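Working notes for the structure below.
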Amino acid sequence: MPLHTTPQCFNKGDAVEVLKTNPFTIWLPATVLRSTPCKKTRNGQIYVEFQTHYCEESSGSRREYVNAGDVRPAPPPELHRYLKVGDNVEVFYKEKGWRKGKVDDILENSMYFVLLDGVEEEIVKVEQWGLRVYRVWDDGSWLPPLEFQQMPQKNIPEVELKSRGVKLRIMCSRSWKETFSEGMSVEVKRDKEGCYGSWHTAAIVESVGYDKFLVEYQKLNTVNGSQFLKEEVDASCIRPCPPEIQSFHQFEHLDRVDSWLNDGWWEGHITEVLGGLKYIVCLMTTEEELVFEHSMLRPRQEWVKEKWFTAREFDKTRSSSDMTLKSKGQKIRIKCSGGRSSKPKFSKGMRVEVRSDEEGYQGSWYTAVIVDSIGEHKFLVEYLTLRTEDESEPLEEKADVSDIRPCPPVIQRIDRFKMLEEVDAWYNEGWWVGLICKILDGLKYMVYFWTTNEELVFDHFTLRPHQEWIDGKWVIAFMKKSKLQVKPKLNLKRQNGVASHTNFCVGAKVEVRSDEEGYQGSCYPATIVRRLGNGKYLLQYQTLETDDETDLLTEEVDALFIRPSPPVIQQADQFRPLDEVDAWHNGGWWAGQLCKVLIGSNYTVYFRTANEILEFQHSDLRPRQNWLDGEWIAAKKGMM
């Protein structure tokens with residue numbers, strides 16, 4: 001007999017699970033549509049909308065009143081863990097809900113055989129993402145109990161990471177209702193396309209569910225312009241309005257500031273001080289450089305531990321991510337877009353993720369625990385999902401500090417991922433970064449991995465939004481509009497009437513070269529759709545989308561600009577200065593020359609066509625190969 005939950009109060013928007021017992025016991029994911037007072041209403045029932053259960057007469061999600069005793073909170077997501085034969089688990093059964101079972105056998109590639117509970121014996125084959133430890137919700141707590149880091153039902157002390165003497169707070173789940181009250185003036189960070197990362201003044205209208213608020217913007221209007229825009233916002237994107245700081249002196253080079261643009265404040269830094277109290281500011285989220293008057297800027301302030309700190313107080317050591325080098329009278333701007341200079345301190349027992357740069361595994365991350373420190377720059381780690389060859393115990397390994405990062409915060413992605421969104425995919429016991437290249441039916445996606453030039457199908461729940469650890473903060477990745485961003489159309493034209501002698505068959509994987517001004521030296525992965533004759537092909541790009549962002553871009557291209565996909569070469573050894581390489585940037589491979597080897601398998605690469613130097617991880621580089629007379633020829637190597 002399944003244990004029924006103790007009835008409790010739920011707020012509108014709360015994620016819950018509802019018990020169904022016919023024809024078998026299963027917990028269906030749902031969302032509370034109407035807040036419930038502590039006293040019983042409508043005969044002790046709660047109004048919910050199921051996430052995986054649909055009406056037969058329509059395609060909409062099923063809504064109904066359910067008994068309060070059959071409702072429990074949705075357990076928080078847990079890190080993937082190694083399961084043993086005989087472990088009691090719950091299986092995400094037929095993408096409908098969670099059924100109890102027992103691990104019957106462990107297979108390769110994170111697969112398990114699970115014997116389901118029920119009258120009739122049923123064994124299912126399940127990937128690790130579709131399993132979780134079996135727990136019971138009993139009198140307001142989970143049995144067996146969740147680990148300390150994964151208990152949103154209780155107030156959890158904040159976790160502090162120190163980076164260069166700076167304290168950064170990672171907020172684990174807490175109640176915000178006491179922090180933000182109705183009518184309070186706040187600033188809201190938007191994540192909509194075109195205004196990602198900008199802060200906008202708003203007023204709290206009301207609390208809507210767990211850690212969410214309805215806000216009314218004071219400068220943004222609805223589409224028809226008739227009234228101020230209202231929307232529901234997560235509490236993590238809200239902060240009090242910062243105190244006004246009168247700046248009587250000029251800002252200086254590299255000062256961190258907020259710039260007033262499009263009715264909001266955009267974070268950036270001063271790249272050049274002009275005359276007449278004007279400045280050139282590089283915006284952090286778009287990497288655009290714009291001119292602002294002094295009155296349109298304010299000193300950056302950070303909201304930390306419910307206190308405001310100026311940027312200088314918060315980070316006394318200024319970022320070196322933008323600097324100027326002078327060579328032959330020219331200025332070359334260095335953008336360390338990887339931003340991996342921040343070095344958090346790792347303590348014994350801390351849960352982390354460890355990067356692998358071994359051949360065949362480059363760029364993948366694996367969950368581990370710090371066992372001990374080995375000198376100043378190395379740690380002994382124990383992996384949570386990798387085992388020794390005889391499967392007898394968890395794998396332990398030495399790891400360089402540059403290959404270790406804190407575990408990223410869990411982002412529950414309920415809505416679908418979008419085309420070309422950067423994601424981490426759970427595969428072979430680790431997380432692999434890729435791009436959504438096709439949205440399939442049944443909450444499935446095709447993901448493109450540029451490190452291996454492969455496309456694989458993944459379920460929604462095996463993906464997570466890709467996050468980068470930048471300057472001691474987790475930043476959600478998104479498609480940036482930058483100087484190296486390719487335009488929707490490549491406008492490729494035949495030159496000198498010379499055609500390629502290579503013939504491509506339908507379905508062949510190729511790369512398309514751009515010779516358009518500003519994009520020379522870049523190549524984009526694509527697939528041949530059909531041959532058109534006259535030396536032209538219809539092809540579909542794997543990383544470029546249509547103007548309406550609903551599908552991958554398809555266009556006619558001259559064979560002169562098409563070459564086969566080069567053989568995958570994953571270089572385990574470090575690259576050397578002056579090596580000719582291709583760097584993965586904004587959906588394509590850009591030809592460059594390696595300048596400098598940095599700490600932690602990072603490099604700076606010079607792009608001659610754009611006259612820029614950017615920083616890249618080892619896994620985002622590949623040795624340059626040139627397609628000459630039907631053969632791949634390796635480019636020159638650098639200095640020994």
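Just so it is clear, glycine is given a Cβ too, placed from its N, Cα and C backbone atoms.
Over in TrEMBL, the protein carries these features:
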type	residues	note
DOMAIN	8-79	domain 'Agenet'
DOMAIN	81-139	domain 'Agenet'
DOMAIN	178-246	domain 'Agenet'
DOMAIN	249-305	domain 'Agenet'
DOMAIN	344-412	domain 'Agenet'
DOMAIN	415-471	domain 'Agenet'
DOMAIN	502-570	domain 'Agenet'
DOMAIN	573-629	domain 'Agenet'
Have the domain 'Agenet' (573-629) and the domain 'Agenet' (178-246) got at least three CB pairs under 8 Å, pairs 6 or more apart in sequence?
no
What is the number of residues in the domain 'Agenet' (344-412) that are helix, strand and coil, as DSSP sees it?
3 helix, 37 strand, 29 coil
Which stretch, 344-412, 415-471, 502-570, tops the Cβ pairs under 8 Å count with the domain 'Agenet' (81-139)?
415-471
What counts of helix, strand and coil residues does DSSP assign across the domain 'Agenet' (178-246)?
3 helix, 34 strand, 32 coil
